[in-house]
Structure formats: structure tokens, C-alpha cells
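TrEMBL lists 31-415 with the feature domain 'Major facilitator superfamily (MFS) profile'. If you look up TrEMBL, you'll see 32-53, 65-86, 98-124, 130-147, 159-179, 185-205, 235-258, 270-291, 303-321, 327-348, 360-384, 390-410 marked as transmembrane segment.
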Amino acid sequence: MAASGYVDLENAAPNRAGVAGGTKVPSNARMIVVLGLLVALGPLTIDMYLPALPQIADDYAVSSSVVQLTLTGTLAGLAIGQLIIGPLSDSLGRRRPLMAGIVLHMLASLLCLVAPNIVVLGVARSLQGVGAAATMVVALAIVGDLFTDSTAATVMSRLMLVLGVAPVIAPSLGAAVLLRFSWHWVFAVLVVLAGLLLLLAALALPETLQVSHRRPLRIRGILGTYGELLRDRRFVILVLVAALGMSGLFAYIAGASFVLQGRHGLDQQAFALVFGAGAVALIGATQFNVVLLRRFTPQTITVWALAASVVAGVVFVALAATGVGGIYAFVLPVWAILAAMGFVIPNAPAVALSRHPDAAGTAAALLGAGQFGLGAAVAPLVGVLGNDELALAAVMTAGSVIALLALLAVGSKAPVEGHALPAGAVPDAA
């Protein structure tokens, strides 16, 4: 460990010796930016059209709960896509599945642009999710290729800084488009962004999975790897914790536009600002997480963050049930919960990935599928329960409570298998 106790990302050793074909890995700062932009495509795909949801419902003459199913379709595509693309990336390398996914995303965005009805839009959004899944699962797998345990958690926190910008920018971008054009053109912007990302990945991202570490592309082998992961009880719990943490975020994404615009009267620009402020809380927490990792293990931080989220959630439910406090009774508890998730979201996946470095793509696929699959199930719940503050408070709080109980059930201080650390130590990976 360095004397300062800091994790030195510039000198951190990779998880495996070198990368495919002896290709040099870019500097960590550059790699983090590229990976952050890759994972940002998912949130951009989810969030850019949020200000347009009421407009889409009006244009297609459907209810708010029906139009929310297009969000569910996107999340389902993200979940299913990761289950397919993760094993492919373990067999074919990281680059080829990534490029194919971005191209699929571009084609699906074009279909969204010309969708004649809500059914076609829903199908196109699902395909968008599958395409975006490639960018997210490959980025996580690359973290698993190059880093381990607390160093991986630190890299994940840095990624969250880049990733966190997407929810801030996305609704504002969507609202800006809506000032001059119809909602269809939100998807034209996504076509352009995905095209730029394809070019960036082609030029700046090397192959990080050596041929010697690739797994045969056989159905039995893929199922065997999934079985191996699912038999690891602690890995499954960490996936559940990460998924429940993200489910609260997706519940907020699904219900925020209807609560803030429909019930509190915010216009599209004001909604984008309030929504962005929540993302700032999330970003700030992920960066403070880097500081805490110098003193505490990722598991310990996750437990305390979930406990704080439960407290904020109980306050949120009480305020929503009594109807006092106006808009502040909505945004302040939500921001507190989002800040708590800023500690959970990077730490739980990092610890889970460190348990199975030789199956990083498949492990990342299960993580992503759990997060977005549960998100797909939870998102419409807010609409079904009434699209109001109480519905959102109940869903977000329930996720935090279950996640905390699940993590406490297996113990928060158990070391990562194969990477036992002294209490509070953050390894210098050099």
C-alpha cells in the first residue's frame, strides 16, 4: 500500500497480465472517460425522452401507465441484452459485441423516430435497450479485466462521475429538443450520439480480453458459467443489492415526470433542473465514496448507505402520506435516497465482479440483467399504484429495506473471495 493510503490508478496493475495481442492499455484517465461514455449511452437512452412522456401519451391517445411501458421495454431490453452479450464478450472478446450493439442501437433509434403507434415505439425502445446493453456490460467486463476489489470500486466511482453526467444532461437535452421540434427528434439526437460513440470505441478502445482467457462459445459452457455464478450465494446477494439499489432509481425515473410536471406544475425546463439536481446528489456521493474507500471496505460503506436510505425512505413515506411540505417534501427525501444509492451502485457491483474475474463478462451480464430486469418490473409499479408521491415513496423505500436485510443476512464484513484485506485497507494495485 502506498504510504498515503491512496489508490494510485495511474500505476494500478491490471487484473490480468497485459491485454489481447500485447495491445497497450490507454492511461487509466483516458480509459475511465471512454468507459464512462460507453455506460452513459444507457442512461441517455432511458432519460432523454422523459420530458416528452406526457406529450407521447397525448399523441398516441394512451394513458400514462401505458406510455410508461415503453420505459419498461427499454429496461427489459437492457436486462435481456446483457444476458446474451455478456457471455458473447467472454468468448469473442470485448470489441466485436460492443460494436454490434451500438449499430443495433442506432437502427432502433431510427425506428423510434418513425414509429406510427405506441406498439412499434415499445418494440423499438426494447431493441434500443438491447443495443445499449452491449455498451454497459462490456464496460463493466473491462473493469473486471483490468482491476480487482477496492481498486475496481474506485474505478467504478470514477466511472460514476462520467455516468452521472448523463442523467443531468439527458432530460435537459430532451427538453431543449422539445422547445423547437416534436418528441420524435429526441431519437434523432440519439442516432447521432450513438454514431459518435461507435467512432470513439473503434479508435480509442483496445481489446482487453486475451485469447487465452476466452471461453468456448458453447451453450452448455455458457449455462455452466451462469450456474457457477448462481451457486455463489454471496455473489447472488450482491447482485440483488445492486438491483434493488437501481430499482429505486428507476422508480424515480418512471414517476418523476408525472409527479413533478403533472402534480406540482413544473414545466419541462424546471423538471430538467430538479431531475438534474438529484443526479448531482448521486454524483457527489460516488466521488465521496472514493474518499471513504481509503478507510473502509466497500461492503461496510454499502451497509451504512443502505441504512441511511431506509431512514430517508421512512421520512419520505410519512411526508407523502400526510401531504405536508409541498414539493420540498418530495425532492429532499428523493435526493437523500439518490445520494445513498451513490455509495451502493459502485460498491456492490465492484465486489461482485471481483469474486469471479475469469468470467467477468458473464458476471457483468448477471449484474446488469438483475439491475435492469428488476427495474423493468418496478418502473410500471409507480404508475399502477397511482403515479403520486406515496406510490414512489413506497417503492423506493421497500427496495432499500430489502437490500439492507439481504446484505446483513450474509454479513457485511466478509472479505472478497481470494482478495482478503486488512480492515479498512485499500490495496495499492501496483
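Just so it is clear, glycine is given a Cβ too, placed from its N, Cα and C backbone atoms.
Caution: TrEMBL annotation is automatic and unverified by curators.
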With pairs restricted to those 6 or more apart in sequence, evaluate whether the transmembrane segment (130-147) and the transmembrane segment (390-410) have 3+ C-beta pairs under 8 Å.
no
Quick one: do the transmembrane segment (235-258) and the transmembrane segment (390-410) have at least 3 Cβ pairs under 8 Å, skipping pairs fewer than 6 apart in sequence?
yes
Taking every residue in the domain 'Major facilitator superfamily (MFS) profile' (31-415), the average pLDDT works out to 85
Taking residues 6+ outside the transmembrane segment (185-205), which of them lie with a CB under 8 Å of any CB in it?
26, 30, 34, 37-38, 41, 44-45, 48-49, 52, 94-95, 98-99, 102-103, 105-106, 109-110, 112-113, 128, 131, 135, 173-174, 177-178
Can you work out which residues elsewhere in the same chain, 6+ from the ends of the transmembrane segment (65-86), have a Cβ less than 8 Å from its Cβ atoms?
42, 45-46, 53, 56-57, 97, 101, 118, 121-123, 125-134, 136-138, 141, 250, 253-254, 361-373, 375-377, 379-380, 382-384, 387
For the transmembrane segment (32-53), what are the same-chain contacts with Cβ under 8 Å, counting residues 6+ beyond its ends?
9, 26, 64, 67-68, 71, 74-75, 78, 98, 102, 105, 128-129, 132-133, 135-136, 138-140, 142-143, 155, 158-159, 161-163, 165-167, 169-171, 173-175, 178, 183, 186-187, 189-190, 193-194, 197, 200-201, 204-205, 253, 256-258, 261, 268, 271-272, 275
